[in-house]
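Asks: What TrEMBL records for this protein is below:
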type     : residues : note
COMPBIAS : 243-254  : compositional bias 'Acidic residues'
COMPBIAS : 891-903  : compositional bias 'Acidic residues'
DOMAIN   : 771-875  : domain 'Small-subunit processome Utp12'
REGION   : 238-268  : region 'Disordered'
REGION   : 884-925  : region 'Disordered'
REPEAT   : 184-216  : repeat 'WD'
REPEAT   : 370-402  : repeat 'WD'
REPEAT   : 412-453  : repeat 'WD'
REPEAT   : 498-531  : repeat 'WD'
Amino acid sequence: MKFAYRFSNLLGTVYRRGNLNFTCDGNSVISPVGNRVTVFDLKNNKSNTLPLTTRYNVKCVGLSPDGRLAIIVDEGGNALLVSLVGRSVLHRFHFKGSVHSVSFSPDGRKFVITKGNIAQMYHAPGRKREFNAFVLDKTYFGPYDETTHIDWTDDSRCFAVGSKDMSTWVFGAERWDNLIYYALGGHKDAIVACFFESNSLDLYTLSQDGALCVWQCDTPPEGLRLKAPTGWKADLLQRKEQEEEEEEEEEEERETTIRGKATPASEEQQGKVKYSRLAKYFFNKEGDFNNLTAAAYHKKIHLLVTGFASGIFHLHELPEFNLIHSLSISDQRIESVAINSSGDWIALGCSGLGQLLVWEWQSESYVLKQQGHFNSMVSLAYSPDGQYIVTGGDDGKVKVWNTLSGFCFITFTEHSSGVTGVTFTATGYVIVTSSMDGTVRAFDLHRYRNFRTFTSPRPTQFSCVAVDSSGEIVCAGAQDSFEIFIWSMQTGRLLEVLSGHEGPISGLCFNPMRSILASASWDKTVRLWDMVDSWRTTETLALTSDALAVTYRPDGAELAVATLNSQITFWDPENAVQTGSIEGRHDLKTGRKELDKITAKHSAKGKAFTTLCYSADGQSILAGGMSKFVCIYHVKEQILRKKFEISCNLSLDAMEEFLNRRKMTEFGNLALIDQDAGEENGVAIPLPGVRKGDMSSRHFKPEIRVTSLRFSPTGRCWAATTTEGLLIYSLDAQMLFDPFELDTSVTPGRIRAALRQKDFTRAILMAVRLNEKLLLQETLESVPWDEIDVISSSLPELYVEKVLEFLASSFEVSRHLEFYLIWTQKLLMAHGQKLKSRAGNLLPAVQFLQKSIQRHLDDVSKLCDWNRYNIQYALAVSKQRGVKRPSEPLGSEEEADASDDEDSLHLLSGGHGDGDGDDGDRLLM
């Protein structure tokens, strides 16, 4: 099995913190998710996480006006210049401080960042490759406190910066003679946002206490005059007029500093731009204290969207301040608001709930409504066809995700406590979950309802769940009574209670081939129970340490157990003999938490693998635990094949092996002090001696851990539930050259020569051996459809498997649906019996094929039904149009009016008073 697995998508987390952005076409929303960035394509219903990471959580994202580039800045001030077209990092930069916001100018030539109490303007990176992509142009001083928001004028001549010192500053992007800087007051709280009116220097400013000021400027943007150069610059311009352009570039490269004053002298104000306040509006009614937390303004349609700390958002039309509508989306603060280019869709992000909404305000409906698990995810399971993933979290929610679109399409909230285990039945339409609330529930994916609830005679907390291959028997292990409960899915009745373990049950797993249950416990044993033979214990496997996880190989011939001493032991369940073991302590490599008293090396002694999963072919095993690493071991050789680092986010705890010495002071560890106290959503630290204040509010760093791992039944990807979310790693086929029985006689030239000679079988065999996807596609598509039957029957058995794998992957992207379906049908008909004998090895490829065909069946069947109903409707309407009504004597005024209406309808339909059926049909055609 190949291990070219690469990170492909992040599900389960849709928004963490930072600003939301729409792409320039308005069809996709870009959302920061931890230290990654996800693009939600709203038109095609897909989510995609960019394959890049920052060192800390992303704080702000700035998009260029053409939508090609993005600047992503994290909490530490590290910036990535990213190409959204190539999905790759072009440049890395450090801004030497925490950046609050970043904004490109509308012409795309400059961008401004706000950091501390200053604003810095940089030359925007161009299309050509540069040694340093970020060149500082000007630094603007003026505000006394942290800067919060940036907005540009439409012509890129000026920009406004809001600050926490309750002032707003307007700066000139060039050295204007009549506007270098201008300070605006008028607020009693920190500025949240400031917006220019379109094609004007008029300004709107919004403060945290819910006040909006409207400022009018006495000068239009065209009235700004460039400052005439003086001194050596003027002499230089006179002497070298012909080299004007080069000198301008040279001038641009020199950094200049502009220092603003809040109250400039009166002689400085003469002949300059002046602002006056036209109006001041308040969002909060009398007695309300609702903090304004986010705002966005669409200049073309004059639409202002404001989000509040209580989860309410308002839509207003400016400058009249008319309320269009207001809506409450949650009880958590709205962290970020964005409007798309057409002004139809509004994106809202709540970091408290991890919620992302896209709202269409005209029709008052959701375009997108997604929310991750409120607490960490605990368990996951793949559906038998690999199309869906179900996750359970500590928040008691069960969510089902579509692996193709990346969206959650159903959430079950019936559990009242944390979910500890989830699993699919063999049909793939029933989900069974166990919870700490003392219930095991079965959910139906046809009707989306909880149709069975299994309980125990005495209240107990369930730690794990398993369903047998028939889907008839449901088992759950108890954490406090050390028993295993068995129910019937059909009746919902408790069948048996298995006792024998002397410690909490940590894992259950059914043999995929037989009705034998394996249960792992903290009493250092694994017991095998025969479900057919009156539920008695067939074997007890004695371990050297507490068992934490147990799993069967897909063919049921081997059992793997993870124990507390960091070992994975392999057993033959038939003979109860240990066949091997892997020592995994050194591979876990746990990090040191900021508040740990002991080193990572010593704390690793208490860490172990807590989740195990066999690969689809059973040759390898995937293991993870309280660490940022996931290990893949070869079972037979018992060696480490590959180690995946699932995160490099330093905003999480236990990421580094050694403590950061810069945080160690003579007073102790700085990690113990809440440094976010000054932020608007930080902890309010009371003065010494003050008893009031919310003692429960605190900031903490979540610890990195892997709680559950599962291989997809198709064998092409695996998923892990981690602190960051649900990570999907899939086979990277593009970068991999993996030939099969290659020799010097197989070349692309010879394959094409065989195709020209119409020797299709030889061409296919050579293309499979070369294993170049595009060449294999060209070869298969060159075969005439009426010859597929003959060629498929002449292929050797070993090559059939390779062709089936290729067909399965082609179904996902190709438009030649019927052609590939004929290939699949003929291959399975010709070689079905022989392939059955190697069912174990072929299962991943067949399941991948089934998943691809099933997806097309769902899509095409919906489309065909829709078309059929439309055609029936059109035919019914055409028949109605052609029918003449019998003429009746006009008895009353109502009937006379009705006849007049009918005549006018006939005139509209294009008939000259004769109302023939043909006319109606012709119009419809």
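Backbone N, Cα and C atoms are what each Cβ position is placed from, and that goes for glycine too.
Provide an account of the burial state, proximal residues and distances for the features listed.
Replies: Each residue of the domain 'Small-subunit processome Utp12' (771-875) gets a DSSP state, and the totals for helix, strand and coil are 92 helix, 0 strand, 13 coil.
Cβ atoms under 8 Å from those of the repeat 'WD' (184-216) belong to residues 145, 148-149, 151-155, 158, 160-170, 273, 275-284, 288, 290-297, 299-300, 304, 306, 308, 318-319, 321, 680 of the same chain, restricted to positions at least 6 beyond its ends.
This prediction places the mean pLDDT of the repeat 'WD' (370-402) at 91.
Through the fold, the repeat 'WD' (412-453) approaches residues 375, 378-385, 388, 390-400, 459-467, 469-471, 474, 476, 479, 485, 487, 489, 492 of its own chain, all at least 6 residues removed from its boundaries and within a Cβ separation under 8 Å.
Among residues of the same chain six or more beyond the repeat 'WD' (498-531), those with a C-beta under 8 A of the stretch's C-beta atoms are 463-470, 473, 475-480, 482-486, 537-552, 554-556, 559, 561, 571, 573, 576.
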Asks: Write out how many residues of the repeat 'WD' (412-453) are helix, how many strand and how many coil, based on DSSP.
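Replies: The repeat 'WD' (412-453) comes out at 0 helix, 24 strand, 18 coil.
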